[in-house]
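Trainee: Below are the structure tokens for one structure; questions will follow.
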């Protein structure tokens, strides 16, 4: 296993990694807090959450297995070279554990809070079912020859696919509603910061090792960053450029309607003249 050639680059690598961990981990809380305060999950796309749980569970299996298992690490070195570094850091494992936990909490909120007429689509249920069925089949294929690194690439591929798919329902929902009310933009801003830091962390490792093997050795981490950044930019544009005043205008309209009703109730009795005494 290779060692770091530059101490400053090693420190930068660790700082970027844990910055990504903090940004991505905190990004879950604005939505959870928003749901708690509103006692409602209306505006949050349930498909996004269900797909997200499958994505983070797959990513946790990949990160934890490659980081902790000597057997899988030896398979990685045999494939990519013993002079390479493991492309999974401690912050990757920590993030995955935290992400699965917070996504599960969000699903629990969906179960107990007002959700209006929203529900998980059959398409998302089908996608999740196919993903886990594929993983199960691949497990039994890998079992006879102990092809665990190959199996991990399957889980890594699943998380990339889920990352790509999971953002689409929320983006479409925002477009159809012409509003981002109920969907926390704080989550997106933090997710965007984490994606940038996560990508830069891999760049720093490649510069130090003078090798880009870690990019295709952990292509899932690369695509995770790039896909997240791409969709975060879409959500930022929706919130700040396309539908910036939607929520405030709705509140203003509601307030005007309430004022009109109050005026009608106050004016109506005075319009009825009392009967004259004969």
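Every residue gets a Cβ built from N, Cα and C, even glycine.
Feature list, courtesy of TrEMBL:
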TRANSMEM  15-36  transmembrane segment
TRANSMEM  48-68  transmembrane segment
TRANSMEM  88-111  transmembrane segment
TRANSMEM  123-142  transmembrane segment
TRANSMEM  148-168  transmembrane segment
TRANSMEM  180-202  transmembrane segment
TRANSMEM  222-243  transmembrane segment
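Could you tell me the structural context for the features on the list?
Mentor: Residues of the same chain lying 6 or more positions beyond the ends of the transmembrane segment (15-36) and with a Cβ under 8 Å from any Cβ of it are 44, 89-92, 94-95, 98-99, 102-103, 105-106, 109, 113, 182-191, 193-195, 197-198, 200-201, 204.
Proximity of distant same-chain residues to the transmembrane segment (48-68), defined by a Cβ-Cβ separation under 8 Å and at least 6 residues beyond the stretch ends, is recorded for 76, 86-90, 92-93, 96-97, 99-100, 103-104, 106-107, 110, 120, 124-125, 127-128, 131-132, 135, 148, 152, 155-156, 158-159, 162-163, 165-167, 169-170, 220, 224.
Under 8 Å from some Cβ of the transmembrane segment (180-202) lie the Cβ atoms of residues 13, 16-17, 19-24, 26-28, 30-31, 34, 38, 40-45, 87, 89, 170, 173-174, 214-215, 218, 221-222, 224-226, 228-229, 232-233, 235-236, 238-240, 243, 246-247, 250, all in the same chain and six or more residues away from its ends.
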Trainee: Six or more residues out from either end of the transmembrane segment (148-168), which same-chain residues have a Cβ under 8 Å from its Cβ atoms?
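Mentor: Non-local partners: 47-48, 51-52, 54-56, 58-59, 61-62, 65-66, 69, 71-72, 75-76, 79, 127, 131, 134-135, 138-139, 142, 218-220, 223-224, 227-228, 231, 234-235.
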